[in-house]
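According to Swiss-Prot, the feature Mg(2+) binding site maps to GLU59, ASP132, GLU135, an assignment based on sequence analysis. Residues or ranges marked as compositional bias 'Basic and acidic residues' by Swiss-Prot: 219-231. Positions annotated as domain 'RNase III' by Swiss-Prot, on the basis of sequence analysis: 10-146. According to Swiss-Prot, the feature domain 'DRBM' maps to 172-241. What Swiss-Prot records for 219-243 is region 'Disordered'.
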Amino acid sequence: MSKQKKSEIVNRFRKRFDTKMTELGFTYQNIDLYQQAFSHSSFINDFNMNRLDHNERLEFLGDAVLELTVSRYLFDKHPNLPEGNLTKMRATIVCEPSLVIFANKIGLNEMILLGKGEEKTGGRTRPSLISDAFEAFIGALYLDQGLDIVWKFAEKVIFPHVEQNELLGVVDFKTQFQEYVHQQNKGDVTYNLIKEEGPAHHRLFTSEVILQGEAIAEGKGKTKKESEQRAAKSAYKQLKQIK
């Protein structure tokens, strides 16, 4: 592709990025960093640019910054959870499906600069590509403005999803319920599978929550894990109401 075409695409990106940051309530200093964050390798290849101008290095940095930010959030939010639980929660928050949700929610997926072939084959909707760009954006934001601004961005874009349980398995109800029971000194929690029905391709599982030797709630799901999650959710709500 021609230099003129590249210039048109880049200028269009910069205008859209400026508008997006204004919508989100953030400023920026180094637009080149953000352009790199959204430059997929296919875009770089199409215009014969330096192979290090794509977003993979920023993705590497952003991954570490995101883990640190989420770790601090969980450490403060759940003072009674052991390291193992915190690690599982963090892993789910920073996993690919969650990052895609964050990116799509604010339209960052629309900002990605792709090569012509990648665009035609549906690259813009590819989860791995979107999550990589989101991490690269976090890396660019960190380099441009520091960890405090990354934290403010996470408060606006990431943490609300976690707190409202909008991400499947992020603040999983079994963990949430276990933490609550521990805080209230109510004893041990166990789960029993009490029913499994339906054909092999469409099974329905029913599990119950046992607290202090008594079944206090049930949940149904397409998997044993899902039924336990739903049972924990029901039990958690019941105990919160009783309190």
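Just so you know, glycine gets a Cβ as well, placed from its N, Cα and C.
Sequence-distant contacts of the region 'Disordered' (219-243) (same chain, six or more residues past either end, CB-CB distance under 8 Å): 169, 172-174, 176-177, 180-181, 184, 186, 191, 193, 202-209, 211. GLU135 (Mg(2+) binding site) counts 27 other C-beta atoms within 10 Å of its own C-beta, drawing on all protein chains shown.
ASP132 (Mg(2+) binding site) has a Cβ environment of 26 other Cβ atoms inside 10 Å.
Using DSSP to sort the residues of the domain 'RNase III' (10-146) gives these counts of helix, strand and coil: 105 helix, 2 strand, 30 coil. Within the same chain, the residues at least 6 positions away from GLU59 (Mg(2+) binding site) whose Cβ sits under 8 Å from its Cβ are ASP132, ALA133, GLU135, ALA136, GLY139, listed in sequence order. For the domain 'DRBM' (172-241), the DSSP-based tally of helix, strand and coil residues reads 32 helix, 25 strand, 13 coil. The record gives GLU59, ASP132, GLU135 for Mg(2+). Within 8 Å of the mean position of their Cβ atoms, the other Cβ atoms in that chain belong to ASN55, GLU56, LEU58, PHE60, GLY62, ASP63, SER131, ALA133, PHE134, ALA136, GLY139.
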